[in-house]
Amino acid sequence: MSKSHAAYIDYALRRTTNMPVEMMGSDVVRLKDYQHFVARVFLGLDSMHSLLLFHETGVGKTMTTVYILKHLKDIYTNWAIILLVKKALIEDPWMNTILRYAPEITKDCIFINYDDQNFRNKFFTNIKTINSKSRICVIIDECHNFISKSLIKEDGKIRPTRSVYNFLSKTIALKNHKMICLSATPIVNSVQEFTMLVNLLRPGSLQHQSLFENKRLVDEKELVSKLGGLCSYIVNNEFSIFDDVEGSASFAKKTVLMRYVNMSKKQEEIYQKAKLAEIKTGISSFRILRRMATTFTFDSFPERQNRDPGEYAQEIATLYNDFKNSLRDREFSKSALDTFKRGELLGGDASAADISLFTELKEKSVKFIDVCLGILASHGKCLVFEPFVNQSGIEILLLYFKVFGISNIEFSSRTKDTRIKAVAEFNQESNTNGECIKTCVFSSSGGEGISFFSINDIFILDMTWNEASLRQIVGRAIRLNSHVLTPPERRYVNVHFIMARLSNGMPTVDEDLFEIIQSKSKEFVQLFRVFKHTSLEWIHANEKDFSPIDNESGWKTLVSRAIDLSSNKNITNKLIEGTNIWYSNSNRLMSINRGFKGVDGRVYDVDGNYLHDMPDNPVIKIHDGKLIYIF
């Protein structure tokens, strides 16, 4: 049915031929062609009640949305605009962008933080105050967070956000309102999030049905046919976060480096104690204690089970202060720092004080040592992602930075009052090369909504639970024109994943999480393909054989059709002759996968999903006695 969707897109574009390409307030900005296109379609089809902006980080989702909000009154006089956003993003980018380019809509805007404990009450209180003659336009920024907060917990408890989700899914289309969801990573943790998002945008279209069978979509064609026009899809980098990507005129080159570091004996000892503690307390599935142990260890492992919280906190504070005091008035000599900046380690001619300090710091954290050495050897500015703030996280890392003489800012929950200003200083043109501030260390608070410019190296100290979160983290530094001020030879970003290893070769928590991410991505890639093929851009570019229409009366019927995945009519089992192979998507063999090559040259993954055709002259590497094809 994509031809039918194409006809409505064409109709919307014909209705909006005179829509200006510039947005003017106290400042003027000219929209990119893709921004102008999606705005014209969404505004040109008044009965298009909802849309997902699946735009990668840095291409201007916020700007596109503000343009749409500015022109809502082109289609109706009275609007109330409700923006559901994270608290950290209200001022920047949302309020700043609105005040700069569309100040006239500020009186119509209601900002509600969906992280607020009273979110539900605040939302429905505001709904009651809206004039009945007004139409409502709801904006859900980083909608994957909103969806995640609306999922029913494993214990069956319904979360407060779910009532808002239910209200929106029932009311938006019924009352002729509009809604825009924004995300660079619309699916983060589970396939259920896809179902939730689809039913928010197209209520009732996707009932409780199994989307996958043996990790393969049951009926991709049915999904694409029924979900046409669901989203706008602007994703220039469709590669895995673990793949290298060449640079372009607008985007910096990305190179991924896996930095494996062997834990010290002290760290291994504490790591094993952390593992046992997780088993005893029943939290092994979260791996929190082991993750912290791979990052930093004190001289002893503080047991938390069956202890008074105050007593436990006091022990942690004592251990921290002891470590901090051990570094008082100590720092590396200029000679040692010069050695580190050359990318070298201390030699036999180094001072006893430098060698002793380095040894002590490495015993407690090989990861922090590796990061500090990497930062000093970097030619430009750096980012460091460390999800833990206290105990073994950022608080300790900053002590390492002090000893290594690394200037820095912090973006975390501890710096709410100063972090926006600090990032602005970090991004200043005068600091393009990191002369004033070398590094920004950030927690999960900095994973979304902020931009960094002229970054050359990102160090990821802890694996997240999903590739989407990693993509958000890396996307903070690789954005549209983020390196325009950087010298041409430095328009690159090295992404360093720092992975701890055990001396006995057993997999660590870092390697476990890496495998989890790889497993999840198999299903997510297929769902992202559905988003792509149902997007306004894909339909407009690929469906040309349609009959023009002169009204939008049939749009609601077209997008209200239920999706039927109950039949396996489109699944066929075939026996294919060929050979088993090994393949990798990385020249550095970061992940090696089993696959199958048919006699016709088609390559499949281990689950039978077609990947691509075997190249005429494939790149092959030998690793551990295996022939590895590089795709």
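Quick reminder: no glycine exception, Cβ is built from N, Cα and C everywhere.
As recorded in Swiss-Prot, the features of this protein are as follows:
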DOMAIN    42-204  domain 'Helicase ATP-binding'
BINDING   HIS55, GLU56, THR57, GLY58, VAL59, GLY60, LYS61, THR62  ATP binding site
MOTIF     141-144  motif 'DEXH box'
DOMAIN    367-532  domain 'Helicase C-terminal'
REGION    457-524  region 'Binding to the cap-specific mRNA (nucleoside-2'-O-)-methyltransferase'
Averaged over the domain 'Helicase C-terminal' (367-532), what pLDDT does the prediction give?
91
For THR57 (ATP binding site), the number of other Cβ atoms found within 10 Å of its own Cβ:
24
List, in sequence order, the same-chain residues at least six positions removed whose CB sits under 8 Å from that of GLU56 (ATP binding site)?
ALA184, ILE234, VAL235, ASN236, ASN237, GLY475
May I ask which residues of the same chain, at least 6 positions away in sequence, place their Cβ under 8 angstroms from the Cβ of LYS61 (ATP binding site)?
LEU53, HIS55, LEU182, ALA184
Quick check: in three-state DSSP terms, what is THR62 (ATP binding site)?
helix
Using DSSP, what's the helix, strand and coil tally for the region 'Binding to the cap-specific mRNA (nucleoside-2'-O-)-methyltransferase' (457-524)?
28 helix, 14 strand, 26 coil
Please list the DSSP helix, strand and coil residue counts for the motif 'DEXH box' (141-144).
2 helix, 0 strand, 2 coil
Taking 8 Å from the centroid of the Cβ atoms of HIS55, GLU56, THR57, GLY58, VAL59, GLY60, LYS61, THR62 as the cut-off, which other residues in that chain fall inside it around the ATP site?
ALA184, ILE234, ARG479, LEU480
What is the total of other Cβ atoms whose distance to the Cβ of HIS55 (ATP binding site) is within 10 Å?
24
